[in-house]
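What follows is a set of notes on a single structure, which appears directly below.
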Amino acid sequence: MSAPYSTPPVQEEKQAPEIEGLTVDTGLEPAGPTSSSSRFQVDLVAEAASAADKTPSTDSTLASGDKATPEGPEPAAGGEAKGRFRVVNFMDPSGASPPEVVPAEGFQNGDTVMSEGSLHSSTGGQHHYHYDTHTNTYYLRTFGHNTIDAVPNIDFYRQSAAPLGDKLIRPTLSELHDELDKEPFEDGFANGDELSPAEEAAAKEAAEPKGAVKFGWIKGVLVRCMLNIWGVMLFIRMSWIVGQAGIVLSCVIVLMATVVTTITGLSTSAIATNGFVRGGGAYYLISRSLGPEFGGSIGLIFAFANAVAVAMYVVGFAETVVELLGSVDCIMTDEINDIRIIGTITIILLLGISMAGMEWEAKAQIFLLVVLITAIFNYFIGSFIPLKSKESQGFFGYDSAIMMENMGPDFRGTESFFSVFAIFFPAATGILAGANISGDLSDPQLAIPRGTLLAILITGIVYLGVAISTGSCIVRDATGNGNDTLSAQFMANCTDAACKFGYDFSYCKGDDGQYNCRYGLQNDFQVMSIVSGFSPIITAGIFSATLSSALASLVSAPKVFQALCKDNIYPGLEMFAKGYGKNNEPLRGYILTFCIALAFILIAQLNVIAPIISNFFLASYALINFSVFHASLANSPGWRPSFKFYNMWVSLAGAVLCCVVMFVINWWAALMTNVIVMGLYIYVSYKKPDVNWGSSTQALTYHQALTHSLHLSSVEDHIKNFRPQCLVMTGYPNSRPALLHLVHAFTKNVGLMICGHVRTGSRRPNFKDLSNDQTRYQRWLLKNETKAFYTPVFADDMRQGTQYLLQAAGLGRLRPNTLVIGYKSDWRDGDMMNVETYIHMIHDAFDFQYGSVVFRLKEGLDVSHISEQDDLLSSQEKTSGMKDVVVSIDMKDSDGDSSKPLSKATSVQNSPAMQKDDDDECKAATKPLLKKDKSPQRLNVADQRLLDASQLFKRKQGKGTVDVWWLFDDGGLTLLIPYLLTNKKKWKDCKIRVFIGGKINRIDHDRRAVTAFEEMIEPYRLKEDDMEQDTAEAQKASEPWRITDNELELYRAKTNRQIRLNELLKEHSSTANLIVMSMPLARKGAVSSALYMSWLETLSKDLPPLLLVRGNHQSVLTFYS
């Protein structure tokens, strides 16, 4: 019933009273709770079926919950103001004009328009519309003001390929938070590429298969599980188990098996209710919980086990048919071949039923269940109807004497409690029959827990009932001869329970322990047929049990295998991922399963393979239980199953029980199963499939890393455990390969390595790009098997950014203690203030108690200007499907070289990378590198040498030396780094030579070298003696890097030492693979940057690869054990 308005909707906006800081608009009241019952005002807006329902408004009051029906002219396409209420491009999917009637069923949340039913679209069939964010609802109000911010909606949380509903996109943080550089919407769209709601809904509707068959919890799970658990064992082995183990131990066996399956059922329910479950059953549950390694290994053997189980059940059916044929002398050829013929015909018929579709298969299962339940009732009814003709076969009806006699065990031959348990337990498997078709369930989260647990309860009760019933009305041994009655004179000497009924079956029990009785619990597998009211129904029950189990396995195996192939865990199996028809039936998987099953049917002897299959099922159960324990142990916020009746320790006990049962059933089969699982696990781990399912393994890794990091922080460092943890100023990791490879060589599996990158620029920093780069280059490091972290920062200049990294990089004890930078080889070519910054980076490292390492390679380090690896990386990200990428290195580009900003931005070619974030960089970052119309061009000689040198430390180093010039005691870092380096495989053939300083009475040096040094520093001298003091001081203040005459004279001896050391290095280490040398120190504030840089230049020029090392003068070596 609509309550009309008393005023037209187009009116002046009234003054809104403020309630608890929220402005409430009284110009247009909402339907639903009034301000007295809700603090928030939400305008309810929905689409009308047509524009014909226009109704004038007359009343002035709205009751809570009434519908609002505004009156007024039809709004224009661009939107017409109604007070503060404005609609822009409000579209009706039916093609009608914009609505005027506002029913209360739908609502407007400010950004997304849909019916209330869409909130539950995963379970219901309500019709709903899907609107992209911003498109039509920008000016509509939520909480009393215009907003594009979306209220919570379940459809925002779906995956893009969600099977149970459509995904909607919420506004991004940038769309809500960033400054508006231009109009947010053009032509009414958030961006020009988005479809209209009607087009989007039509596209999704066309993409979804029509008429897919989905099952509820009874038909989909309960029926399948009961049929699989009630196997042939119920009719032809349960009575024999009671005869061997007795009633008490038989009940113990049933309860033990039920405990294992119940715990597994609880664990399955917990995983299934932790989120939407897709097709794949046990594989899906395990892989999404423990990751692709365990999931991939168990999925393959579980699918194979189901395929072979088809053969087992079909052979069981064929054997029963052959026995019936033999009883009437209708054997076709011989027993084995008859089993093969009947088995082949049977599996072809079952394949036809399966391929006809899940609906036909479900109908067949219902029919088989009816037959099976009829057979069970037939047995129980018959047990209450004792007949004289059945007494000679051991059936006397319920009697306390028989029950007491059968209460205890009577193991015969080689049988024992565990051997009997091993025979029974396969009957308890099959609890995953419903979960295996999880993709065909309408609501797996509800169906799997309810159907599985109820099936376990019902089947467990029936098994216990049969055990107690058979033990209470049938004796263990009987001859079947009606003449074996007792006379009155021998009655007193007879002690068996049968004697009470006048029968003596003792003569078939030999004194030597041999039993020749043909009937009774111990001897006749068909005893339930004898007891039943109508024996052919029991035979029909046996047929039903075998065929239903075979049919369930025939459906389960392809479904699990299809899910496995879709995830592309094993390359080459993608062809089996394709589905057909409205239910996405895996027809190729059906054919494969048929072939595997047929191969085992033709063997016709499955006594050896049966325990392996049981172990495969048990391995799956063990991993499902372990998954729940593992997920609970990881304590991930993503682990929140709605099924609460589970416990992590009970699940762990269930996993252990499954493993124990595996070895109890068959120890060699259990070993074989474990070997196969571990082999597949190792294979998948080695292949590293590119999937991320948010597994509990990932969550536990984080939890352990956090725990261990905190534990490390509580323990003081010890010299013996010192390891170099390096902050390497690489810039982009792929721009200085030689520096990256060398540091990685002595930190891999030993210490921490962080690739620092300072990005500077005059324009506003783009932190989103920074975050994307961090993810991209971290992936690049992992792909190139470099154990390092990439950490970029924005800063005003290089020194400030380095200070940020020196202070904040790392976590707890996992923090850098050594700064590694590349040598600034072009320091004389650019602005000398960059040299000032560079030298102050080294001073800052010492101030923060870091060790410092400077690496010089005479060819240079920075290859970004020629290899364009950053653009290549971007191209690979955009074309992730490409396997082989051909790189064309262009030295000329009419549009501007994409690496140009890099070489320009880096203040020096080989100094720590510093990225200029100007507009050209944005263009360069998105410019494609792969240009098919240009052929690769030859590099010039210098660039070719640079590229060759960049790969120097990636190759194995031949026989050579690592020369250590340990001139000053810095705590031992100068000696520790080459030791760690030569421990690696690529450097193991190199010998370490250590040079130390001795007493030098005089320093002999070439006068030409001194002249060269003086010529080098000449442009950087202040020459204060040739100018006024004030002028000199002003120039020194503006150019602090200049060398004063006083400073040059004061440190002349140290200068000469660098010249002489360079001569000695050329004399003794010119052929070394690597030189590691103590780095000279310069007192901060006393030695100018130009002079210090000149020392480093003089010391390191024209030499093999050189590491200048200076520790923080804290001991890192000890000779104590």
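Glycine is no exception: its Cβ is also placed from the backbone N, Cα and C atoms.
TrEMBL labels come from automatic prediction, so no person has curated them.
Under the heading transmembrane segment, TrEMBL lists 217-236, 248-277, 297-318, 339-358, 364-385, 417-435, 447-466, 587-606, 612-633, 645-669. Residues or ranges marked as domain 'Amino acid permease/ SLC12A' by TrEMBL: 220-727. Residues or ranges marked as domain 'SLC12A transporter C-terminal' by TrEMBL: 736-1010. For 900-913, the entry in TrEMBL reads compositional bias 'Polar residues'.
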Best-packed against the transmembrane segment (645-669), counting Cβ pairs under 8 Å over 248-277, 297-318, 364-385, 587-606, is stretch 248-277
Spatial neighbours of the transmembrane segment (297-318) far in sequence, C-beta under 8 Å, 6+ residues away: 231-232, 280-283, 286-287, 338-340, 342-343, 346-347, 350, 436, 542-543, 546-547, 549-550, 553-554, 556-558, 560-561, 563-564, 569-570, 592-593, 596-601, 604, 606, 609-610, 612-613, 616-617, 619-620, 623, 673, 676-681, 683-684
Mind checking which residues reach the transmembrane segment (417-435)? Cβ under 8 Å, same chain, six or more beyond either end. 220-222, 224-225, 227-229, 231, 233-234, 237-238, 241, 244-245, 249, 253-254, 256-258, 260-261, 264-265, 268, 272, 277, 281-282, 285, 409, 411, 441, 444, 447-448, 451-452, 455-456, 459, 463, 549, 552, 556, 610-611, 613-614, 617-618, 620-621, 661, 664-666
Taking the transmembrane segment (587-606) as reference, which of 248-277, 339-358, 364-385, 612-633 has the most Cβ pairs under 8 angstroms? 339-358
Among 217-236, 248-277, 339-358, 612-633, stretch most in contact with the transmembrane segment (447-466) (C-beta, under 8 angstroms): 217-236
Sequence gap of 6 or more, Cβ distance under 8 Å, 3 or more pairs: do the transmembrane segment (612-633) and the transmembrane segment (339-358) meet that? no
Given pairs 6 or more apart, does the transmembrane segment (217-236) have at least three Cβ pairs under 8 Å with the transmembrane segment (364-385)? yes
